[in-house]
Amino acid sequence: MNMFSSLSLVTLLLLTMPIMMMSLNTYKPSNYPLYVKTAISYAFITSMIPTMMFIHSGQELIISNWHWLTIQTLKLSLSFKMDYFSMMFTPVALFVTWSIMEFSMWYMHSDPNINKFFKYLLLFLITMLILVTANNLFQLFIGWEGVGIMSFLLIGWWYGRADANTAALQAVLYNRIGDIGFILAMAWFLTNLNTWDLQQIFMLNPSDSNMPLIGLALAATGKSAQFGLHPWLPSAMEGPTPVSALLHSSTMVVAGIFLLIRFYPLTENNKFIQSITLCLGAITTLFTAMCALTQNDIKKIIAFSTSSQLGLMMVTIGINQPYLAFLHICTHAFFKAMLFMCSGSIIHSLNDEQDIRKMGGLFKAMPFTTTALIVGSLALTGMPFLTGFYSKDLIIEAANTSYTNAWALLMTLIATSFTAIYSTRIIFFALLGQPRFPTLVSINENNPLLINSIKRLLIGSLFAGYIISNNIPPTTIPQMTMPYYLKTTALIVTILGFILALEISNMTKNLKYHYPSNAFKFSTLLGYFPTIMHRLAPYMNLSMSQKSASSLLDLIWLEAILPKTISLAQMKASTLVTNQKGLIKLYFLSFLITILISMMLFNFHE
């Protein structure tokens, strides 16, 4: 056990070496990206040893080695929880990040601030590992906020672009809403249970835990881009491609799902929270899959597919299968990072062209990248015996055999079928057919940094699912709950659907083009959500505040109440006064004339 804890800490310490080198200025600036990549590769190899020990023994460990603070009866100490989730996730995160770092050395080689970029990526990984290994809520919150601020810095890396700044701000603001939920949960646990340690919270297991769990669900909604707080995730594509790959594979977006998985001892008997996560996940996975169907930006399609997969993980938590959701996090990291890296390779080769309508015919021009892209797309759809199949098939089976909430599960099944549509669409538009890009574009994928990084993830996308699913406890084969013919039906329906799609495509490709339907507009404009939330709501707020400011302050207070009220009173007094002109001679004359006329009339009557 001593070796287990020591090597686990060495893994984390190895990652801090390049940052200390940068602080002490003991490095050659041109070699810094190589130092970072090497440190992560060594950390991955080191992390495999305690992971293998854990798989062999199944013994969890809590390392608590530095007491930090005591507030009355609350003890805060630096403690690491080396359990099933952290031990399985750490090697996956390190392996994927190692490949992304190598890819970044090729992709960002001309950037003048490449050393700072690598430092940011490394800090991003470290904060995620702090979040994963944290044993108390305070330490978890440090990692939680760490991935938030690093995502802001990395999405807005090209700060000269207005879109990048807007996207970075969006990411922060949407996550702030989620953080309110996290802080609410922390406050509730502190006031009611007087502890932030996870094992104590699980041991006390409060019966009325709806309030903190709603807070944690809100936090997961913000961080994992569930419906309502989802627009920041496709906008995050404004950052460099390595950032998109790291953000969407093994770091920030899975942090929210990971938080709910961490708290599964509280959620497993709470039907209310399970219903919330199930419905939220179902809406998210269907909505984002619909949005992905008509997008033309290659990175946006992959981003929406990430959001759809996060919704699927949320559904899995909702049907009380946290271990299955965690398995999907681990398998999803490999092919999602590879998909982003392949799209980055294509974008780089086509002079920053991201529109799939302007690609085509890349299968012969970039054979390796396109092979990896096809394998990644097939793994995403859950093609048998690729990595995605080992988790996705089990999720669909668990959903089909679940007795809860039929409409949510039906939405999930429709969304998973949409996955096949947008994955095939990328392959069809970007890789097949005639080239639709300018003839003078120089396509080159012969860089070892690019080839090796994608190759490593390609092997992961082919075999990681099998390796992970055969090594995680329990290793016994579960009993099949679904009839055999239903399992084979899925494969038959897939083949029939493919043949039918080809036939319909051949039949309709020469038909006259019609004006886009409402469903097409709904999908293309992302369900009108950004238009309403980012335009209409701020416009209404601004116009209301402007009217209230101008009406309440200017028209009412500064005009109606004080000056106008006083002026009206004074005007009445002044008109009363100015009615008398002060012409005494005229008054006397009029008085005299009146007397004379009256006397004359009196005398006349006599």
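Just so you know, glycine gets a Cβ as well, placed from its N, Cα and C.
The annotation transmembrane segment is assigned in Swiss-Prot to 4-24, 43-63, 87-107, 117-137, 140-160, 213-233, 241-261, 272-292, 310-330, 457-477, 482-502, 582-602 (among others).
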*With an 8 Å cut-off on Cβ pairs and a sequence gap of 6 or more, do the transmembrane segment (213-233) and the transmembrane segment (310-330) reach 3 or more such pairs?*
yes
*Taking 140-160, 241-261, 272-292, 310-330, 457-477 as candidates, which has the most Cβ pairs under 8 Å with the transmembrane segment (87-107)?*
241-261
_Touch test for the transmembrane segment (241-261) and the transmembrane segment (117-137), at least 3 Cβ pairs under 8 Å_ = yes
*Which sequence positions outside the transmembrane segment (117-137), separated from its termini by at least 6 residues, show Cβ-Cβ distances below 8 Å to it?*
8, 12, 15-16, 18-19, 22, 32-33, 36, 39-40, 62, 64, 76-77, 79-82, 85-86, 89-90, 93-94, 97, 100-101, 104, 108, 111, 143-144, 146-147, 150-151, 153-154, 157, 185-186, 189, 196-199, 240, 242-243, 246, 250-252, 255, 258
*asked:* As a test: from 43-63, 140-160, 457-477, 482-502, pick the stretch that has the greatest number of Cβ pairs under 8 Å with the transmembrane segment (4-24).
replied: 43-63
